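J.: Just dropping this structure here.
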């Protein structure tokens, strides 16, 4: 017998293929406080038992491969393997199951969302034994959370920087999103900020195109910020999109924003990538910049109910990677968003401790151990008639981000901003007086129209606008 054969035999190696469930399905396993827990929606191929499918997910996202290998004997699989510890059927779905998987913490590099996702949502999503696979939720243990910096500043620090309390913040995305010159773009920024908004915003696909190079845009927007601040006495900001083709270029743009003295920059965190996002978040914390996050590309990943990844997971990942704002849907606007599910991940963004609540899609209790919170941004097809609902749904710690709902005002950009601000102030005052925004919202807006012609004009323009389409990604049991 050759020395190599003797080595393989001595570690108990037996070539061949064995069922995943013999090693990776462990219903007797008691999860540890340090485990990362995952809830997967599994749709096995016909003939594949759910236990085998769940075990395959645990194996292929941790230590397993398609066949037995002799190097298994050179490490402790019991220490490092993922374990499918529970499987439950999905109500109303005969072919779908929720498989719960526990991962030992040592499988993941500290402070790296990139590494965590490479394992948990990597090659396993193309596994042939599965017709579809979706990651519904993750439990991030405090031991892992503490290896991340998280948001550069967080909700309270942002309010202190801006000196704005007791109400949602107001924003506006400059439109048209592409094609304006830098000077005309800066003019629109100035008019919106002067009219009463707290922020204006680059659209997600505004980077540095031939019609408007980034440096010109930054300069004209900075001028607009300082001019509007001088005229209103309020602190203003514009989300300057630093997203670029390389991390080095992205940081260069953030450095220039800091040199201009503006308060906030922006990043497209999914198209830019988690490594770039975490690097930018670290820079922003070290240099006093707030960081606005856009979620462009999220619907490619999260919209289909049986495959991909739910946005609550992307939201948790962003809180770890770092961002002070993130777009979170509106419930009432033009973009996808179920109310209970949206409120669930809004709490996961803002709160320090969130209890398990399956009625809102929260599969695990999440303790953030004082990691700073993230402001959810409601954006997409909203206007003044939505203000009572938005104020009631999202509360004070949020950003209500208009676009066409400001710039589409018949009298111009500044009157559009005035209408937004008046509607918000009316809703906040009514709420503070004990009125029910959900019931009396339209009446509150009509009353405010009596002393704001700008709001009255906006209400007339958008009184018939509706986006009455069913939500595709509903919580189980809501069909």
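A Cβ is built for glycine as well, from the same backbone N, Cα and C atoms used for every other residue.
According to Swiss-Prot, the active site, proton acceptor annotation covers 175, 294, on the basis of sequence analysis. The substrate binding site feature in Swiss-Prot is assigned to 123, 173, 177, 295, 327, 379; the stated evidence is sequence analysis. Taken from Swiss-Prot, the feature Mg(2+) binding site applies to 201, 203, 204, supported by sequence analysis. Under the heading N6-carboxylysine, Swiss-Prot lists 201. Summarising the annotation, Swiss-Prot assigns phosphoserine to 208 and lists similarity to another entry as the type of evidence. Feature annotation from Swiss-Prot assigns phosphothreonine to 330; the stated evidence is similarity to another entry. According to Swiss-Prot, the site 'Transition state stabilizer' annotation covers 334, on the basis of sequence analysis.
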J.: Using Cα-Cα distances with a 10 Å cut-off, which of the recorded positions 208, 294, 330 are near residue 173 (substrate binding site)?
T.: none
J.: Rank the recorded positions 175, 201 by the number of other Cβ atoms within 10 Å of each Cβ, and give the residue at the low end.
T.: 175
J.: For residue 203 (Mg(2+) binding site), which residues of its chain lie six or more apart in sequence with Cβ-Cβ distance below 8 Å?
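T.: Residue 203 (Mg(2+) binding site) has long-range Cβ partners 173, 174, 175, 177, 178, 241.
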J.: Check the Cα distances from residue 379 (substrate binding site) to each of the recorded positions 201, 204, 208, 330 and keep only the ones within 10 Å.
T.: 330
J.: In three-state terms from DSSP, label residue 203 (Mg(2+) binding site) for me.
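T.: Once the DSSP labels are grouped into three classes, residue 203 (Mg(2+) binding site) ends up as coil.
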J.: Say we define neighbours as other CB atoms within 10 Å of the CB. Which of the recorded positions 123, 173, 208, 379 has the fewest?
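T.: Each of the recorded positions 123, 173, 208, 379 was scored by Cβ atoms within 10 Å; lowest is 123.
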J.: Taking residue 294 (active site, proton acceptor) as the reference, which of 123, 204, 208, 327, 330 (the recorded positions) have a CA within 10 A of its CA?
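T.: Among 123, 204, 208, 327, 330, the ones whose Cα sits within 10 Å of that of residue 294 (active site, proton acceptor) are 204, 327.
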J.: If you measure residue 123 (substrate binding site) to residue 204 (Mg(2+) binding site) at Cα, how many Å is it?
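T.: Cα-Cα, rounded: 29 Å.
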J.: I'd like the number of other C-beta atoms within 10 A of the C-beta of residue 204 (Mg(2+) binding site), please.
T.: 21
J.: Taking DSSP three-state, what's residue 379 (substrate binding site) in: helix, strand or coil?
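T.: It is in a strand.
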J.: Nearest to residue 204 (Mg(2+) binding site) by Cα, among 295, 327, 330 (recorded positions)?
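T.: Nearest listed residue in space: 295.
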J.: Determine, for the Mg(2+) site, the additional residues of the same chain whose CB lies within 8 Å of the mean position of the CB atoms of 201, 203, 204; present them in sequence order.
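T.: Filtered neighbour residues, in order: 173, 174, 177, 202, 205, 206, 239, 241, 266, 294.
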J.: Within 10 Å of each Cβ, count the other Cβ atoms and name the one among the recorded positions 177, 294, 295 with the highest count.
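T.: Answer by Cβ density within 10 Å: 294.
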J.: Across all protein chains in the structure, which of the recorded positions 327, 330 has the highest Cβ count within 10 Å?
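T.: Output for this query is 330.
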J.: Measuring Cα to Cα, how far is residue 208 (phosphoserine) from residue 201 (Mg(2+) binding site) in Å?
T.: 15
J.: Based on the record's binding annotation for substrate (123, 173, 177, 295, 327, 379), what whole-number value in Å is the widest Cα to Cα distance?
T.: 37
